[in-house]
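K.L.:
Here it is, the structure in full.
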Ligand SMILES: CC(C)(COP(=O)(O)OP(=O)(O)OC[C@H]1O[C@@H](n2cnc3c(N)ncnc32)[C@H](O)[C@@H]1OP(=O)(O)O)[C@@H](O)C(=O)NCCC(=O)NCCSC(=O)CCCCCCCCCCCCCCC(=O)O
Ligand SMILES: Cc1cc2nc3c(=O)[nH]c(=O)nc-3n(C[C@H](O)[C@H](O)[C@H](O)COP(=O)(O)OP(=O)(O)OC[C@H]3O[C@@H](n4cnc5c(N)ncnc54)[C@H](O)[C@@H]3O)c2cc1C
């Protein structure tokens, strides 16, 4: 959970080689990387820039006379900063640098760069490398810094699957300007399942503990109740159980789309890139944010013991919340999706609705109202409505400012809060739709019934959560919202008997969870005492600090 020094080797270094190195290059490098004869990381972010990749300062200047690239970090803000596994573990890196050929700045490109000697592991001449120090979490990963002092690498270390520099300096452009960003798109495609998994771990702990913990009464005179029987506890936990499933289903779809993209790109078809970039930008942002909220609620649902490290939830939170920042800061990524949504609105306004992709086609179709009692399909129409409403509102605001003479960037900035709201609603619609489709495909009728309950819980919770949008233009009435509330409470109670099975079905072992509260055998109290007794402070009855500090203070006559 705390991370692994080789995580980035598997998650980004190898995938970057697969997606961006040519077959010939990969004959040399990929097998060695897969066998872990070399260990790599993905070095892109710098001390001064992470979000705005066009302003990366590390340069790779082509020297035609030696057929080498010269890597250089001209100032302190150009140092690579943050890459996982860079500090101490990696001897190679995929380095993203601004490529300069014949004095022309050609933008960020990826290079395979050796950082350390393969035998001694010492850093090579011209390389400055080290660890950036402790972080909120993820402390088993050595996130690092890296500087280059006119460090030379062969021309053939530019990853050349999609773009090339010939020996004479002729540049062959890639089929899509952003194709070098594929390693990021890959991780973003995987993040929904990864985050769903973090959320699932926290929920397993909280739900199991909530059946062990007894506190207070629902009916007087009875035995104290399991805290999971309180409606508030169910409301805190069960919608997140539904989300953990929903995120996993959505993630399966984006992983499949990424694999499809890789194949298509190899045949020169880059049409899926814009769609997948927009989709994964929104999904990573919504999923990481909601996961962090869900984990924090799970911690609070464990009361005081949730705050102890024995719960292990704080560690899960620390790791998961990193996802709000890495692979693109969430606001920045929501705004990437917003670009796509605004373009879609512009297409509709230009009478080109027919050209819209399937995920945004709903933006062109107005619905007057819904009958929620007819079921989940009507909820989908309601989600479409609020997303369409907000997307049009935000787009119109931006376009109006533009028309009034504001510069594009200024108009964009002045509309950006509204735009991010549209992106979130669009993404939540996508999550609900993939959840619905995935449940429909389940063959086992008993499993399908339980998952359908979760789906119903999800759509009612979500609609209530975005109710202000639906009330704003009178699309939903307050009596319809009362119906949604009643449905929500109905499904909380219906799910209660299956709650433990739902979390157990994720099959986390005690070793994985590392939680005293979430133990499969439920022996929480004995083990909390044993855990406390094992605290380093309890190794001796009297601590050395008693003689050193406490006694002088207590004996002081002052
Ligand atoms: C996108 C940016 C914000 C802007 O980029 P640019 O400045 O280059 O863009 P422009 O403004 O010039 O143009 C915008 C234009 O380009 C399109 N675009 C942008 N990106 C893409 C893309 N990727 N694909 C397609 N198109 C793209 C965009 O749509 C616009 O098009 P239009 O003009 O037509 O509108 C960019 O700067 C950016 O991406 N910034 C964010 C930087 C970032 O994400 N950095 C990440 C660094 S690496 C990192 O953080 C690694 C962290 C890893 C942590 C470890 C995690 C471990 C656990 C992970 C769990 C995953 C599990 C995986 C498991 C497994 O392996 O199986
Ligand atoms: C745990 C962890 C692991 C990481 N691993 C790696 C790795 O392996 N390799 C690697 O290269 N990097 C890695 N990173 C770096 C990470 O990708 C960046 O930190 C991330 O992309 C955010 O960029 P930034 O730090 O420049 O944030 P900033 O862009 O400085 O963000 C600061 C604030 O500015 C806002 N902001 C910035 N630009 C805009 C804009 N255009 N519009 C509106 N608001 C904006 C943001 O929303 C945010 O609120 C890692 C980071 C973390 C935390």
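Each residue, glycine too, has its Cβ placed from N, Cα and C.
All annotation found in TrEMBL is predicted automatically rather than curated by experts.
Below are the features I grabbed from TrEMBL:
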- 327: active site, proton acceptor (ACT_SITE)
- 45, 84: FAD binding site (BINDING)
- 2-39: domain 'Acyl-coenzyme A oxidase N-terminal' (DOMAIN)
- 181-342: domain 'Acyl-CoA oxidase C-alpha1' (DOMAIN)
- 377-555: domain 'Acyl-CoA oxidase C-terminal' (DOMAIN)
K.L.:
Cβ under 8 Å, sequence separation of at least 6 from the ends of the domain 'Acyl-coenzyme A oxidase N-terminal' (2-39): give me the contacting residues as numbers and ranges.
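P.N.:
Same-chain contacts beyond the flanks: 83-86, 88-94, 110, 112, 118, 137-142, 156, 159-162, 179-180, 182-183, 186-187, 190, 262, 265, 315, 319.
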K.L.:
Are there any residues in the same chain, six or more apart in sequence, whose C-beta is under 8 angstroms from the C-beta of residue 45 (FAD binding site), and if so which?
P.N.:
80, 81, 82, 83
K.L.:
If you skip the near sequence neighbours and keep only those at least six away, which residues in the chain come within under 8 angstroms of residue 327 (active site, proton acceptor), Cβ to Cβ?
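P.N.:
Listed in sequence order: 184, 187, 188, 191, 284, 333.
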K.L.:
Could you tell me how many residues in the domain 'Acyl-coenzyme A oxidase N-terminal' (2-39) are helical, how many are strand and how many are coil under DSSP?
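P.N.:
Split by secondary structure, the domain 'Acyl-coenzyme A oxidase N-terminal' (2-39) comes out as 26 helix, 0 strand, 12 coil.
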K.L.:
According to DSSP, does the residue listed as 'active site, proton acceptor' fall in a helix, a strand, or coil?
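P.N.:
It is coil.
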K.L.:
Over the span of the domain 'Acyl-coenzyme A oxidase N-terminal' (2-39), how high is the average pLDDT in this prediction?
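P.N.:
Summarising the domain 'Acyl-coenzyme A oxidase N-terminal' (2-39) by its mean pLDDT gives 96.
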